[in-house]
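**Student:** Quick one: the structure is below, questions incoming.
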């Protein structure tokens, strides 16, 4: 019987993974550990592996997988910047991802957390906690229908986000290297700078690559409309975090919401209760009154989890049986 290791198992995924194994006549072993130099030897007797990595995979894992006869790694996220695709290819390892598992879920998160900032919910909540129930100008908002929203990246998630904002009646500008002609309700601009210059809300939906690395830094924030709101449910490396904090502090941004953080791997998805966080930048984000931080959780719905579990396992089995899969990256 074919054997697949399901690394990075969450409690809520285990039953889904085992049920998939029964339906597909595959022996699935679940493990809470991640694929790494320390765990790769567990795969000696396996045919395939799926995992959910957040940090960079060590280079010595690829040749070890090759020596064990394993031909693939099925990543259970859309992002894949934790892998060296060229090195994997050199060792005959197919890297795959799950490019679309519930774009609407992430879009709903992006809009809902932006609305918290638009409606000044953090400020209002702090006032209520001190029993200040007054109405003041600083907590007055304006309707989204009177706003301009910039969507940076109009793939599946960005497109779904744009459609929600369109339902509010917002004016929508966008930038993408490959414009989507079906999104005829928005206006594409020739650059990110043009797309954001009049935006009240900026929503980021681009992958992590050389072009997007620190795309939003001080130079980019200099082109932002004063008082704008920034939402990042894409990848942490898209933002230069110290520059983001500075932009909020000096009033360039009214506020920001980030679901991804460049150095999140050590902390996000882990319980750090009663432990010291050594990352001063992360602490500054968490403690900032005008920055909302969530732990890479925008995708987190029952539909998305099911699709990620099955997407990873389907890709692994496809490579085992055919040598390739529809979602291969290298």
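Every residue, even glycine, has its Cβ placed from backbone N, Cα and C.
Feature list, courtesy of Swiss-Prot:
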- 156, 157, 176, 206, 207, 233, 234, 235, 259: NAD(+) binding site (BINDING)
- 235: active site (ACT_SITE)
- 264: active site (ACT_SITE)
- 296: active site, proton donor (ACT_SITE)
**Student:** Identify, in sequence order, the residues in the chain of the residue listed as 'active site, proton donor' that are 6 or more apart from it along the sequence and have a CB within less than 8 Å of its CB; answer 'none' if there are none.
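**Tutor:** The residue listed as 'active site, proton donor' has long-range Cβ partners 54, 259, 260, 261, 264, 268, 269.
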**Student:** How many other Cβ atoms are found within 10 Å of the Cβ atom of residue 264 (active site), counting all protein chains shown?
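**Tutor:** Step by step: centre on the Cβ of residue 264 (active site), count other Cβ atoms within 10 Å, giving 21.
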**Student:** So, in DSSP terms, is residue 235 (active site) helix, strand, or coil?
**Tutor:** coil
**Student:** Taking every protein chain in this structure into account, which of the recorded positions 156, 235 has the most other Cβ atoms within 10 Å of its Cβ?
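**Tutor:** In terms of Cβ crowding, the pick is 235.
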**Student:** Measure between the Cα atoms of every pair in 156, 157, 176, 206, 207, 233, 234, 235, 259, the residues the record assigns to NAD(+), and report the largest value in Å, rounded to a whole number.
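**Tutor:** Spelled out: the longest distance between any two Cα atoms in 156, 157, 176, 206, 207, 233, 234, 235, 259 is 21 Å.
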**Student:** Show which residues of the chain containing residue 207 (NAD(+) binding site), separated from it by at least 6 in sequence, have their CB under 8 Å from its CB.
**Tutor:** 78, 79, 81, 153, 234, 235
**Student:** Could you say which of the binding-site residues 176, 259 has its Cβ with the most other Cβ atoms inside 10 Å?
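**Tutor:** The most densely surrounded of these binding-site residues is 259.
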**Student:** What is the total of other Cβ atoms whose distance to the Cβ of residue 234 (NAD(+) binding site) is within 10 Å?
**Tutor:** 29
**Student:** Look up residue 264 (active site) in the DSSP assignment and report helix, strand or coil.
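**Tutor:** Going by the DSSP assignment, residue 264 (active site) falls within a helical segment, counted as helix.
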